[in-house]
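Here is the structure we will look at, set down as structure tokens.
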Amino acid sequence: MSFDPALSWAFLTALVAGVTRGFSGFGGALIYVPLVSAAFGPQVAAPSLLVIDTVLTLPFLVPALRACLWRQVAPLAVGAVVMVPLGVWVLKHLDPLLLRWSLAALSLGLLALLVSGWRHSGRQNLPTTLSVGAVAGFFGGAAQMSGPAVVAYWLGSGQPSALVRANLFGFFALVTLASGTTYIANGMMTAEVGRLVLLLGPAYAIGLYAGARAFRGASDRAYRIAAYWVIAAAALLSLPLFDVLLGR
């Protein structure tokens with residue numbers, strides 16, 4: 001069997017994305033989608049991550065759903081679900097090369113939002129909540145990147161971090177359901193997506209476990225700085241300028 005640089009690249013990406021997700025609780029999509037898109041295209045990368053991450057994080061979901069406050073989750077989820085189909089439409093119909101440039105720029109933009117430490121400190125009224133949800137839903141449908149906007153919004157509320165985490169799990173569950181349904185309706189859950197799930201799922205799982213174990217004692221500041229650097233490197237390396245690394 002000949003060496004496949006694209007598959008090797010994707011396998012390493014899934015491993016690093018899993019580690020990042022495991023030790024920081026976020027950032028997996030910001031690494032996985034741009035880099036796997038460089039190897040297999042965005043229309044395969046985003047649906048494959050949805051399946052992999054959903055299956056592997058399922059054990060954490062049930063306890064979180066019991067702890068979240070649905071009166072806070074529901075308005076955000078409504079705004080998100082409405083915009084998910086538009087994001088999926090962009091993913092399906094935008095030129096793959098243009099979409100790859102856009103995903104890299106989106107990753108860097110969302111990373112800048114996280115690094116800046118900005119948090120929404122204004123009043124969390126219904127129009128604002130629906131708007132944040134809509135932005136998150138669009139990014140979630142297009143690239144599985146619904147997290148940063150919601151994280152920045154909720155962390156400014158002054159609520160306990162445990163509640164924010166539980167709310168995030170509830171929100172992600174609903175957005176994942178909407179995204180998955182829309183991917184299926186648009187014929188995007190293809191055999192190629194299934195093949196990638198089987199090939200990259202184990203690497204992502206190993207990364208999740210290693211990240212949770214290896215960084216358990218690390219300070220919050222240390223592992224978040226590490227995650228930021230990894231995400232920045234992933235966004236830059238995913239640019240079409242580096243396709244030579246994949247043998248293209």
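Glycine too: its Cβ is placed from the backbone N, Cα and C atoms.
If you look up TrEMBL, you'll see 38-61, 73-91, 97-118, 130-156, 162-184, 196-215, 227-246 marked as transmembrane segment.
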For the transmembrane segment (73-91): best-contacting stretch of 38-61, 130-156, 196-215, by Cβ pairs under 8 Å: 130-156
Stretch contact, the transmembrane segment (196-215) with the transmembrane segment (38-61), Cβ-Cβ under 8 Å, 3+ pairs: yes
Maximum Cβ pairs under 8 Å to the transmembrane segment (97-118) - stretch from the list 38-61, 130-156, 162-184: 130-156
